[in-house]
Amino acid sequence: MYQLLLSLMFRVPPERIHHIAFTAMKLVTRFAPLRWLVAKVLVVDDPVLRSQAFGLTFPAPLGLAAGFDKDATGVDAWGPLGFGFAEVGTVTAQAQPGNPAPRLFRLPADRALINRMGFNNHGAGHAANFLRQRRVTVPIGANIGKTKIVEAVDAAADYTASAQLLGPLADFMVVNVSSPNTPGLRDLQAVESLRPILQAVLDTVSVPVLVKIAPDLSDEDVDAVADLAVELGLAGIVATNTTIRRDGLKTPDAEVAALGAGGLSGAPVADRSLEVLRRLYARVGDKMTIISVGGIETADQAWERILAGATLVQGYTGFIYGGPFWARSIHKGIAKRVRAAGFSSIAQAVGAENPR
């Protein structure tokens, strides 16, 4: 049924259909009777799925990745829609329009998306208004990025401005230095550039702070960021963001080239995201939480990430292609696998493929 609907939606420009679908999600979860009904259908309330991470309780391990709810306008929708948590943003200190349209593209043959949105959002103050009014349903993280017009030398102050507004309202913060769509942003992943940014955010907020990294980092750079995260006392790492690579796609090269620059998400990112997860867990898995994101489409893949060391997992593109029952399907599948493996809770499964 959803595949038929998806084929119809794919006839509408991606950004427009995103707006329509997002509006519908907010509408059906706005009023208590509808919200209750939606949650009754989509939420998997199973004790084996509950876990603790950086002082928070997560009712289920699959969360909505950043990028879908950029301004936190749908912050009350994600729990009833079946997600165990959500990450809003990316939010910048100053409002900005992002890159010119078209800036979001589908690759159906690859079950992937390319985006060059460019952190389009209404600013941290605007998002703060919605976070201030939210109901307490599931944990909400605020993903913050650098304002495009701000020079790299002033990045720490820019991130601090967002953290000051959102830190008191979110359950955790994610510092995004890994989007390919803001010029120079990924350069901030270098340890000497990243250190003052992370320290500034840590000094500003009292909630857990994580950093989100790119799949295109070399293994050595992944290690360096992981070591820095431990040194500074971060709560965790979100791995990974979108990739700038285009190899191995089923979509013809000429079509891909015609779409231009941007970050690729979805199924093609899965292998590298899993590689980065395993590397991070081997290095720092006993010291912090790892949230794995990138190419997760099925319960088997989510379970694989958990066994490889992810305490929590996230999706965005999988939700687009999987539809409204996607989170429910993932969570029911994980619960089944937890019990089949003889575990009493999902926490026992984290990193089980390489026990410490």
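Backbone N, Cα and C define each Cβ position, glycine as well.
As annotated by Swiss-Prot, active site, nucleophile applies to SER179. Here Swiss-Prot flags ALA66, GLY67, PHE68, ASP69, LYS70, THR90, ASN143, ASN176, LYS212, THR240, GLY266, GLY295, TYR316, THR317 as FMN binding site, drawing on sequence analysis. Taken from Swiss-Prot, the feature substrate binding site covers LYS70, ASN115, ARG116, MET117, GLY118, PHE119, ASN176, ASN181, ASN241, THR242, and the record attributes it to sequence analysis.
A map of Swiss-Prot features onto the structure.
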| residue | record | contacts (Cβ under 8 Å, 6+ apart) |
| --- | --- | --- |
| ALA66 | FMN binding site | GLU87, VAL88, GLY89, THR90, GLY141, ASN143, VAL174, ASN176, LYS212, TYR316 |
| PHE68 | FMN binding site | HIS18, PHE22, GLY74, TYR316, PHE319 |
| LYS70 | FMN binding site | VAL88, GLY89, THR90, VAL91, ASN120, ASN121 |
| ARG116 | substrate binding site | ASN99, ARG103, LEU104, PRO180, ASN181, GLY260, ALA261, GLY262, GLY263 |
| SER179 | active site, nucleophile | THR90, PHE119, GLY145, LEU185, ARG186, ASN241, THR242, GLY263 |
| GLY266 | FMN binding site | LEU107, ASP110, ARG111, ALA112, LEU113, GLY295, GLU297, THR317, GLY318, TYR321 |
My understanding is the cutoff is Cβ-Cβ under 8 Å with a sequence separation of 6 or more in the same chain; which residues meet that for GLY118 (substrate binding site)?
GLN96, GLY98, ASN99, ARG103, LYS148, ASN181, THR182
According to DSSP, does GLY266 (FMN binding site) fall in a helix, a strand, or coil?
strand
In three-state DSSP terms, the structure that ASN143 (FMN binding site) belongs to:
strand
Within a 10 Å radius of its Cβ, which of these binding-site residues (ASN176, LYS212, ASN241, TYR316) has the fewest neighbouring Cβ atoms?
TYR316
Quick check: with LYS70, ASN115, ARG116, MET117, GLY118, PHE119, ASN176, ASN181, ASN241, THR242 left out, which same-chain residues have Cβ atoms within 8 Å of the centroid of the substrate site Cβ atoms?
GLY67, THR90, GLY98, SER179, PRO180, THR182, GLY263
Give me the count of other Cβ atoms within 10 A of the Cβ belonging to ASN143 (FMN binding site).
27
According to DSSP, collapsed to three classes, what secondary structure does LYS212 (FMN binding site) have?
strand
Taking the residues ALA66, GLY67, PHE68, ASP69, LYS70, THR90, ASN143, ASN176, LYS212, THR240, GLY266, GLY295, TYR316, THR317, which the record names as binding FMN, find the longest CA to CA distance and state it in Å to the nearest whole number.
20
